[in-house]
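Chemist: Just dropping this structure here.
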Amino acid sequence: MSQLQDKFGRRFHYLRLSVTDVCNFKCTYCLPDGYRPDGRAQFLGLNEIENLVGAFSEVGTQKIRITGGEPTMRKDFTDIIRVVADNDKIKTIATTTNGYRLEKNAKDWYDAGLRRINVSMDSLDPRMFYQITGQNKFDEVMRGVDAALEAGFERVKINAVLLKGLNDTDLPRFLHWIKSTPIDLRFIELMETGLGRDYFKAHHLAGADIRTKLVEDGWSLDTPAADDGPAQNFSRDDHKGRIGLIMPYDKHFCASCNRLRVSAKGKLHLCLFTENGVDLRDLLQHQDQRAELVERLHGQLATKKETHFLHDGITGVTQHLASIGG
Ligand code: SAM
Ligand code: SF4
């Protein structure tokens, strides 16, 4: 079957699949009041996930990131990994986690087929970590990172949202950490969501400013690989770790978009910020619905817009990224 492509020639090999909206952290830029259930949420079951992955894999998806909310809050998280790993067209299975359950489970997840892991750690100072996440779990998360490295993960990435007036002073500490530790740091520029206009105004730190600091510190921009996606990657010979900058406000950000998103309730999102999402769930119930599902995916791709409209302050319906996985 033909691969997913939009009318701007972009191809989509990468799916970010959210498996729950639930989260046990209260990151101030994401869920400042914690997770609030809306009724009895029914998140995608294993069978639905299998059918979804089956259809996406037939139209070119090779990488799946399991995300949330906090994906590891799912009791069947290891089974979800297995279901995805059972599909031999999927070459890479990744997850993004707050690291809360990592220390205990890193090995099991690796054995189930997980190969890449991003751990969100906004500060290397335990007090600031607590202030941002609402959880006094810095040491646990750090031990989780060590457990992941020991379990054999080829790449452990650390996601950090640098925030003006909060953890922005952590930058030198992060850089010092990766001098001898083979970690890939990902600095994600704060995105404005429906929740946080005031917060955004107070704490947004431009990705371009971070880039300037890195260049002044001797980091150089790597030549982008074909499947890099929107991150700008930097390295330095005398550091084992690398740095990726995710700058959604950069003017070229959308040109390299290679990802689609499906929410925990089975809605396809063509972009984080521009639309409501299209329900796929009615076509996830049986394997024999696959052709119809594939047709719906192609139909939707034809409507994907060239860019988001964040610069105009249009954040779409996404109240916070926990509902769609970031
Ligand atoms: N709970 C998991 C975690 O925190 O890693 C996975 C879901 S979380 C929504 C995925 C990523 O989105 C995290 O690295 C988080 O820092 C980032 N994120 C959440 N809200 C954001 C925002 N408004 N701007 C930029 N990044 C955000
Ligand atoms: Fe939870 Fe992740 Fe959002 Fe933090 S960023 S509140 S850990 S979903």
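The backbone N, Cα and C atoms fix where each Cβ goes, and this holds for glycine too.
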Chemist: The GTP site in TrEMBL includes Arg16, Arg65, Thr96, Arg259, Leu260, Arg261. Which of Lys157, Lys164, Lys179 is also listed there?
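Modeler: Among the candidates, TrEMBL records only Lys157 at this GTP site.
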Chemist: Just to be sure I read the record right: Gly69, Ser120, Met191 are listed as binding S-adenosyl-L-methionine in TrEMBL. Which of Tyr14, Tyr29 is listed for the same site?
Modeler: Tyr29
Chemist: Among all chains shown, work out which of the binding-site residues Cys23, Cys30 has the most CB atoms within 10 A of its CB.
Modeler: Cys30
Chemist: Between the Cα atoms of Met191 (S-adenosyl-L-methionine binding site) and Arg259 (GTP binding site), what distance do you get, rounded to the nearest Å?
Modeler: 17
Chemist: For Ser120 (S-adenosyl-L-methionine binding site), find which of the binding-site residues Thr96, Lys157, Arg261 come within 10 Å, Cα to Cα.
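Modeler: Near Ser120 (S-adenosyl-L-methionine binding site), where near means Cα within 10 Å, the binding-site residues are Thr96, Lys157.
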Chemist: Please list, in sequence order, those binding-site residues from Cys27, Arg65, Thr96, Cys271 with the Cβ less than 6 Å from ligand 2.
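Modeler: Cβ < 6 Å from ligand 2, in sequence order: Cys27.
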